[in-house]
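Okay, structure first, notes after.
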Amino acid sequence: MRRLTMTRPDDWHLHLRDGAAMKAVLPHTVRQFARAIIMPNLKPPVRSVADAASYRERILAAVPEGQQFEPLMTLYLTDNTSPEEIVAAKASQFVKAVKYYPAGATTNSDLGVTDLRRCDGVLAAMEQVDMPLLLHGEVTDGDIDVFDREKVFIEKHLIPLITRFPKLRVVFEHITTADAVKFVLSANNNVAATITPQHLLFSRNILFTGGIRPHFYCLPILKREDHRLALLQAATSGNPKFFLGTDSAPHSRYSKESSCGCAGCYSALHALELYAEAFESVDAIDQLEGFASFHGPDFYQLPRNTEQITLTKSPWRIPDELPFPESGLVPLRAGEEITWQLGE
């Protein structure tokens, strides 16, 4: 196949940042996606409906003229989030989910939850009003190997969570292991998962090919090849429990290429083309539309998009660097050739 026309997709996990950084990256997402679930881990984080409303207005003001884009807002769950805030979030109609970060697990997560059980009152309110919970599914215990954090999170926190709240809609975000795939498949239909392009395309070997490769470093970290293959099988299976979430995370070149570099891969520029390469690698390009355009809105109980986009088999070179405050932004696979191209 040299040409694929499909329904315009959505990104169900996106970091836009704020201010000048947001203005630099938002056009990339708007070009590819109609909607996106916007992560709340700003400084300070988006903790209230008022915070979300203000951030939403800043995003809409930065959308390029003549373009359409709908930001789907989230709240940052803390130990102090109240059930009343959840009710207000649901009533707002623009807050679509609440995000759980284990304290210290990733970028700007210092104010995250210290113990998920402390949030049972809030989770009960979320279950009652049908507000989805988005999970960064890793433990942060210092004695747990970084490559095992997702598996331990499932056993220690996730299984007990869905047992306590069986009607709570849960998105296990950016899954990275065969263990996570198995869990999602075994759970009820209120549990789904997003998968990033980097976790479909690369194993952890890429981090050390020819030296340290900081622009492939993200959290959860890339895993072994057998885990990558399990994710690819899940994404291309047609199962509606799995859908697109880039976790595109812009960091300046300086903040990535340092003695203590930030976690995050930037893929918003070319995410759909990256997913197309992954799906084509296992002869499943026909399953891309479901994964990218249908499964997400169906889970979130939103209408599917109606606009069409076209991908063409037309190789192009990913830029070495993109404009970004401070020191530029290096996209995933910078300088390499990619085989699919999204039409204008």
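Here the Cβ of each residue, glycine as well, is placed from N, Cα and C on the backbone.
Taking Cβ-Cβ distances under 8 Å and a sequence gap of 6 or more within the same chain, the neighbours of ASP247 (active site) are HIS13, LEU14, HIS15, GLU173, HIS174, THR194, THR196, CYS218, GLY264, CYS265, SER267. According to its DSSP assignment, ASP247 (active site) is coil. Per Swiss-Prot, the feature active site maps to ASP247; the stated evidence is sequence analysis.
What Swiss-Prot records for HIS13, HIS15, LYS99, ASP247 is Zn(2+) 1 binding site.
The feature substrate binding site is assigned by Swiss-Prot to HIS15, LEU16, ARG17, ASN41, HIS136, LEU219, HIS251, ALA263. In the three-state DSSP reading, LEU16 (substrate binding site) counts as coil. The Cβ of LEU16 (substrate binding site) has MET22, VAL25, LEU26, THR29, ALA36, ILE38, MET39, ILE59, PRO71 as same-chain neighbours under 8 Å, each 6 or more residues away in sequence.
Look at Swiss-Prot and you will find LYS99, HIS136, HIS174 tagged as Zn(2+) 2 binding site.
Annotation source Swiss-Prot lists N6-carboxylysine at LYS99. Classification of LYS99 (Zn(2+) 1 binding site) by DSSP places it within a strand.
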Inset, instruction - Using the structure shown, find which entry in LEU219, ALA263 (the binding-site residues) has the sparsest Cβ neighbourhood within 10 Å. - result: ALA263
Inset, instruction - Between any two of HIS15, LEU16, ARG17, ASN41, HIS136, LEU219, HIS251, ALA263, the residues recorded as binding substrate, what is the biggest Cα to Cα distance in Å? - result: 19
Legend entry - Alpha-carbon distance [LYS99 (Zn(2+) 1 binding site); HIS251 (substrate binding site)] in Å: 21
